[in-house]
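A.B. asks: One structure, pasted below without further comment.
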Amino acid sequence: MEANAQSGGHRGGGGRGRGRGGFGRGGRGNSRGGSRGGRKPEMGRKEYNRQGPKRDRNDDDQASKRRKTVHNGESEPTAFSTEFSKEEIESEVRKPKHKVAVMIGYAGTGYKGLQINTKEKTIEGDMFKAFVAAGAISKANANDPKKSALIRCARTDKGVHAAGNVLSLKLIIEDPKVVENINSHLPDQIRVWGIERTTGSFNCYQMCDSRWYEYLIPTYSFIPPHPKSFLGKELLQAAEKEGVLENYNKLQEDAVSFWADAEKEFVQPILDNLDPQLAADVMEAIHAAEESNEPIGKNIKKNKAEAKEDSEIKEEVNEQAQGEPAIKTEGETGDGSVLEEPTAVEVAAEVKTDSEAMQGVQATEAPEVKDDTNQNEEVKLETDGAQEISKSILTPLEKAVKEVKAAYIKAKKAYRIHESRRERVQEALNQYVGTYNFHNYTILKSFKDASSKRHIKSFKIGTQPIIIHDTEWLSLKVHGQSFMMHQIRKMVAMAALVVRCASPMELIKETYTAAKISIPKAPSLGLLLEAPVFHNYNEKIAKDFDREKLDFEKYREKMDEFKQREIYDRIFRVENAENQFHTFFHHLDHHRSDYFLWLTASGISAGRQRGADKDVLDASDDEADVNGEEG
């Protein structure tokens with residue numbers, strides 16, 4: 001019996017017993033039970049997580065981003081904060097605040113994206129200051145968005161616009177004119193459509209079922225590459241080699257004479273006015289420069305879009321080659337892409353760590369046509385195809401080259417897409433509909449990453465092209481549950497490349513396999529967030545708790561007027577001035593590398609896959625959170 005008692009005491013002491021040395025759960029033995037006998041009271045998951053050093057580091061990191069400290073111990077003003085004295089804060093009358101959904105629209109030109117940033121000018125930064133100025137956020141909370149639980153539905157990046165988006169946060173809304181007051185403190189390119197009371201637990205990020213995006217693209221983007229360009233030559237050679245030249249020519253027959261006709265109508269009249277030798281030198285200089293990827297003439301400077309694209313195509317290749325861009329640990333998003341929207345699991349984790357309002361890891365991203373117009377709101381209009389010229393006088397050769405290049409751009413703008421080519425564009429977009437692995441359409445995602453799988457509900461072309469500033473445009477609208485960083489822009493670029501290069505449609509399906517290929521990003525200029533959808537919230541939660549539905553249709557008239565004035569006109573004006581789409585595809589066509597040869601009849605095996613290219617180039621200005629959304 002004594003032995004049994006001792007044995008029992010040992011078990012209890014080991015942590016399995018329920019009493020003092022017996023089978024008690026908190027026995028005082030010398031083993032596991034002893035360590036648990038004097039344990040602290042049980043903690044919830046949130047409290048437990050906050051005890052860990054990892055959480056401490058995260059809190060410190062987030063705090064440092066929200067408020068930097070200077071030498072005298074005072075907080076350093078941020079790009080979004082409004083500073084008040086201690087007396088002003090203490091004298092303010094406290095008012096109740098409520099969880100709301102703020103329905104907004106904005107033109108992204110001139111801003112470093114939507115998400116608030118301590119140093120950069122962002123949409124949320126200006127909105128936060130407007131909330132404070134309108135009295136919707138108290139003075140005590142004027143220096144920290146996290147105190148208001150600020151969350152955005154879809155985080156658009158640098159230069160990306162939104163006709164409709166949603167922010168959820170706590171606001172003081174007792175003033176019936178709160179929307180009007182907020183708008184009075186905002187620039188014309190940012191509008192608040194309305195504010196709706198929601199449930200206390202509402203999270204616009206989690207409650208959003210899907211998103212609609214629109215992409216505007218000039219139809220000349222689908223013209224085949226010039227036959228003398230690097231890509232144009234490779235396409236023909238591969239078609240002959242693979243025995244599919246007849247099919248290649250058939251797919252290009254609607255535009256087969258475009259370049260010859262363009263040179264006859266737009267270029268030849270310029271050459272006819274030149275000395276024969278000078279005319280020959282001009283064409284030789286143009287093609288020689290294109291073959292060597294060099295500018296023509298020491299005194300000719302590239303226009304903004306061309307100068308950026310030169311480095312960005314190289315950066316795109318470099319990033320794709322390295323596989324994963326370098327991670328930056330400070331700052332917020334600053335790219336051109338609406339960043340990735342996390343899966344349900346990722347969102348849950350994000351909520352637990354309270355990181356919605358201040359997500360901070362950045363990644364250098366690959367090349368794209370950067371928007372210099374994002375740094376200066378007013379766009380300096382230039383004549384079609386004109387380049388910035390140095391103060392020195394141009395030589396006759398340089399002047400003639402400039403005129404010929406402008407003529408090529410003018411010819412492109414005069415292009416009108418054939419119905420058969422438009423149908424092929426729709427056929428290419430159809431390849432995206434469904435659930436696929438889009439790891440090749442973003443960064444920092446591998447084929448094995450479950451979050452690389454995304455569901456596209458529809459991807460449609462507008463019924464009729466529109467003509468603005470003598471340029472024909474197509475409207476592409478995509479509806480999906482969520483999008484990864486740069487996904488839409490890469491999808492648009494891929495569809496355009498497949499059509500203009502007469503590549504097989506099956507090539508798009510092959511991009512969903514494990515093979516890693518370099519897909520460039522189409523310009524951010526044409527991307528627009530149409531609106532998020534809250535179907536489940538509207539049908540269930542809003543009804544049960546007697547809340548208004550989150551529906552942009554009630555603001556449709558105002559939104560359409562705003563979209564035309566602040567977004568569409570801005571897109572058309574910038575493209576007319578800078579020719580960003582011309583520059584983007586021109587540089588792809590003349591980029592002398594095998595990175596994009598998967599577009600040829602030889603297929604993916606012909607293109608260099610993303611690997612270990614050591615030719616490190618300057619990083620892109622486009623920085624993005626690795627957990628970002630498309631935009």
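Using the three backbone atoms N, Cα and C, a Cβ is placed for every residue, glycine included.
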A.B. asks: Taking 434-455, 610-631 as the choices, which stretch does TrEMBL tie to region 'Disordered'?
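C.D. replies: It is 610-631 that TrEMBL annotates as region 'Disordered'.
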A.B. asks: Between TYR213 (substrate binding site) and ASP157 (active site, nucleophile), what C-alpha distance do you get in Å?
C.D. replies: 13
A.B. asks: How about long-range neighbours of the compositional bias 'Basic and acidic residues' (84-94): same chain, 6 or more residues beyond its ends, C-beta under 8 Å?
C.D. replies: 138-140, 142
A.B. asks: Counting other Cβ atoms within 10 Å of each Cβ, which of the recorded positions ASP157, TYR213 scores lowest?
C.D. replies: TYR213
A.B. asks: What counts of helix, strand and coil residues does DSSP assign across the compositional bias 'Basic and acidic residues' (84-94)?
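C.D. replies: Helix/strand/coil tally for the compositional bias 'Basic and acidic residues' (84-94): 6 helix, 0 strand, 5 coil.
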A.B. asks: Provide the three-state secondary structure of ASP157 (active site, nucleophile) computed with DSSP.
C.D. replies: coil
